[in-house]
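Chemist: According to TrEMBL, the protein has these features:
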type: SIGNAL; residues: 1-22; note: signal peptide
type: DOMAIN; residues: 67-425; note: domain 'Peptidase A1'
type: ACT_SITE; residues: D85; note: active site
type: ACT_SITE; residues: D294; note: active site
Amino acid sequence: MAFLELLVQLFISFILLQSKHCLSSKQPPIVLALRTQKHRTPISTPRLFSTTSKTTDKLLFHHNVTLTVSLTAGTPLQNITMVLDTGSELSWLHCKKEPNFNSIFNPLASKTYTKIPCSSPTCETRTRDLPLPVSCDPAKLCHFIISYADASSVEGNLAFETFRVGSLTGPATVFGCMDSGFSSNSEEDAKTTGLMGMNRGSLSFVNQMGFRKFSYCISDRDSSGVLLLGEASFSWLKPLNYTPLVEMSTPLPYFDRVAYSVQLEGIRVSDKVLSLPKSVFVPDHTGAGQTMVDSGTQFTFLLGPVYSALKTEFLLQTKGVLRVLNEPHFVFQGAMDLCYLIEPTRASLPNLPVVNLMFRGAEMSVSGQRLLYRVPGEVRGKDSVWCFTFGNSDSLGIESFVIGHHQQQNVWMEYDLEKSRIGFAEVRCDLAGQRLGLAV
């Protein structure tokens, strides 16, 4: 019986690889609406980073906005909504009805749902990049757990299922069917069916679906942005500036080799380049200090010396323009301690200095409202509290630079897995969505 199961899994893997080749070579791009889902209170996303104590730990990134896409899965089709996350590998869905869940995937109702035994090659070899090792449950099925820093966890079994995006029904895709545990993200759980892992790992959604390139465009308005799977070639899109992905052939204990890692080389505020040695941006011999582009994290976090230099320069250049919130103990989301008081009657923010992130071969400009974020529910007298959207990684206990999705608003972001690079160009993402036929 075990030998038969092994043959079945090998056959499925072969079909998946053949389908992947066909999809990547012939399939026209698939366009989906990318929605910004707002939350009344901050929710948390688990992340695996190297910490300041040089131990690997799961840390929670709090955020008020997530990026979601709607698609279908199973046979017959079931509607699902997934959080887009380039910082995760394994996609997963809630498969057990809970009182607060508005959307689940029912595997019992799908003819194409296939359980994965722990003796299969998929379970034994393709899961090696997951943050926690898989195990074998009493039914001899491939079991996995996602742990959170607050000691809560969700768990389930790996399985194959077909997902339909736009007009495309993909090959049998490995995903996690979550059926037990407790998540601290009750609000996100209530609104979404699961998570779409989009990093460079072999089990990521984009790799399994066979697309070697994908793009997204995040709107700063209450309208749809864009998720595009495949080649983006549009006359209205400016030429992209590319920065290469950092490849690490030798495994290092604190370097995530399946993350979208790029090389940050400096930061400029208006015309002033921060006076920092380039070595502060380079990962050390353990791999700590890498720069990751992450759609699952809301804001951008910089290592302590870099953050301190940026904070000092931004304060200097906004003196007399913005009123600083002088409350030393107020730190937004545990890492953002530069905040301001702004009258809610203002039609727009004052002119602010542009912050340029200087990557190898390309720059990303962060300006206007991408620099400040209004903290929900925080007022001082008649003033609203707005915080600088760059935070201190050291305050979170991590040794990484993380480029979050708030700074990526109104930027066309292309992930080119074929050429190992990320490209970007400024564009109005709400208008891009309209041009691609997405409803506002």
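Cβ atoms are placed via backbone N, Cα and C, with glycine included.
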Chemist: How far is it from D294 (active site) to D85 (active site), counting Cα to Cα, in Å?
Modeler: 7
Chemist: Applying a 10 Å Cβ distance cut-off over all chains shown, what neighbour count does D85 (active site) have?
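Modeler: D85 (active site) is surrounded by 24 other Cβ atoms within 10 Å.
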Chemist: If you draw a 10 Å sphere around the Cβ of D294 (active site), how many other Cβ atoms fall inside it, taking every protein chain shown into account?
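Modeler: Counting Cβ neighbours of D294 (active site) within 10 Å gives 24.
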